[in-house]
Amino acid sequence: MTDLSLSGPVPEVAEDGVWLACIECGETYAPFEEPTYECDACGSLLEVRYDEYHDFDSVAGEGVWRYAPALPVDDGVTIEEGNTPLYEAPSIEAAVDVADLRIKHEGMNPTGSFKDRGMTVGVRVAERIGVGRLACASTGNTSAALSAYGARANKETLVLLPEGNVAAGKLAQASLHGATMLEVEGNFDDCLDIVSELADRGEVYLLNSLNPFRLEGQKTIGLEIIEQFRDQTGSLPDRIVLPVGNAGNTAALHKAFRELVAAGAIEEAEVPTLTGVQAAGAAPMVEAIENGWDSVTRWEDVETRATAIRIGEPVNAPKAIPAIRQTGGTAVAVEDEEITAAQRELAQDGIGVEPASAASVAGLRKLREAGEITADEQVVCLTTGHLLKDPDAAAEAGNDPTTVPNDVDAVLDAAGD
Ligand SMILES: Cc1ncc(COP(=O)(O)O)c(C=O)c1O
Ligand SMILES: N[C@@H](CCOP(=O)(O)O)C(=O)O
C-alpha cells in the first residue's frame, strides 16, 4: 500500500535530518552513503524524507536555493536555476474561459527546461556520495541539463538517446557541453532500461527522475508557484495542469504541496488539483487513471511530435498516480494537432515553448470544453521547455518566410499595407 505520509520517527540511518524511505514498504536508507535509487526490499520508488518541514518564513534569496531549508543539501552545483516567470496569458485565459490563467514557464531555466532544478541538487548529491561518471537516458532535456551541470562539476557524463527522436537544440547542448552521446537503436524506455542496468552494476550514477534527489530540486517548481501566485493574486491556484512524460514533475509537485501542508504553510484543502496531460500516442498514465489502475502498463510503441514526452512507461507512476488521485485531479490525452495549436496560442501571448510544453494548454482547453474544468477556476499551466529546444517543430508550426528581391519597394509590396 503506497504510503506518502511524511510523519513518523527519524530512523537511525538519517544523516543531517535526511533519509530515503520506500513509498511502498517504508524501508529506510542512508541518503549519502552509496547510490540508492529503488528499495532493495521491494523494488519500489524511494522518497527523500526530513526530520522537519520548512515554512516560508525561513526562505531567502532567489531560485532553487531559496528553498535550501526544504532540500537535502545546503547548496548545489548551480548556474542560477529556478525563479522562472509566472506569466499572465490574457488571450488564452479569455479564449479558454477560466477565471485566471497563469503560465509557469520552466523554459526560462539556464538550459531551457525544468531539468536544471533537479540537476543542481542531484549533481551536488553525486559529489557528496563521491561517484564517478554521471549518466542518464533522455528524450533530450535531461541530457542537455546533465551535460551542463556535469561540465560545471567537472564530471564525466554519459547520455543515452533514442536514435532519431531528439530535437536539434537538445542534441546541440549535450554535444557542446561535452557529454559522451550514444544514440541507441530503440526508444527512450529502452535507453532507461540500459542506463538503469549500468547504474545497478555501479558503472554510472543515474540522474534520471528515478533518482529521488532530482525530484527534490523539481519540487521547487511547486514552492515557487505557490509563492508567486499568492504574490500576484492574493490567493492560491485551484489547479495545475502539466505535461506528463516520466511523471517526475507530477510526483515532485505533489511532494511540495504535502510538505507545505506538513509545515502548516497551507491547508490540505488548499492543495491545487494536479492534472496531467499526455500526447495521445504516448498515454500510459492517462490509460491508468481512466481505468482506475494503480500502475501503468508499458506502451511498446509510442509516437508523438512532442518528442520530450514520447515515453511508454513513466517510471514515477507509483508516485504520480496517487498524486493525481489524492488531489482530485485527472489525466487527459491530446492529439499532436491540438499540441501544435496550443503552441501557436502561447506564441501569440509571447510565450515560446517546445511541443511537449504546449500539451498543458492543449489539455486545459480540452478539459474545459468537456466541462471537467470549470469557468470559475484559477489555473496554472506548466510549460516545461523553451521554443528553441525544438526549432524544427517551431518552424513547422509557424509561418514560412517569403523571399523578396533586394529592393525597398519589393519589400514594402511583400510586407503589405
Ligand atoms: C519539455 C518536457 N516536458 C515535459 C516532460 C515530462 O516531464 P515528466 O517526466 O516530469 O513528466 C519532459 C521530460 O520528461 C520534458 O522534457
Ligand atoms: N523528457 C525527459 C525524459 C526523461 O525524464 P527524466 O525526468 O526521468 O530524466 C528528457 O528530457 O530526457
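Residue 1 is the first one shown; counting continues down the chain.
Including glycine, each Cβ sits where the backbone N, Cα and C put it.
Among the residue ranges 132-157, 366-391, 392-417, the one that TrEMBL annotates as region 'Disordered' is 392-417. Within the set N141, G245, N246, A247, G248, N249, T384 that the record links to pyridoxal 5'-phosphate, no two Cα atoms are more than 14 Å apart, and one pair reaches that distance. Counting same-chain residues at least six beyond the ends of the region 'Disordered' (392-417), those with a Cβ under 8 angstroms from any Cβ of the stretch are 167-168, 305, 340, 343-344, 347, 352, 354-355. Taking every protein chain shown into account, G245, G248 are the binding-site residues, and of these the Cβ with the most other Cβ atoms within 10 Å belongs to G245. G248 (pyridoxal 5'-phosphate binding site) sits 10 Å from K115 (N6-(pyridoxal phosphate)lysine), taking the Cα positions as reference.
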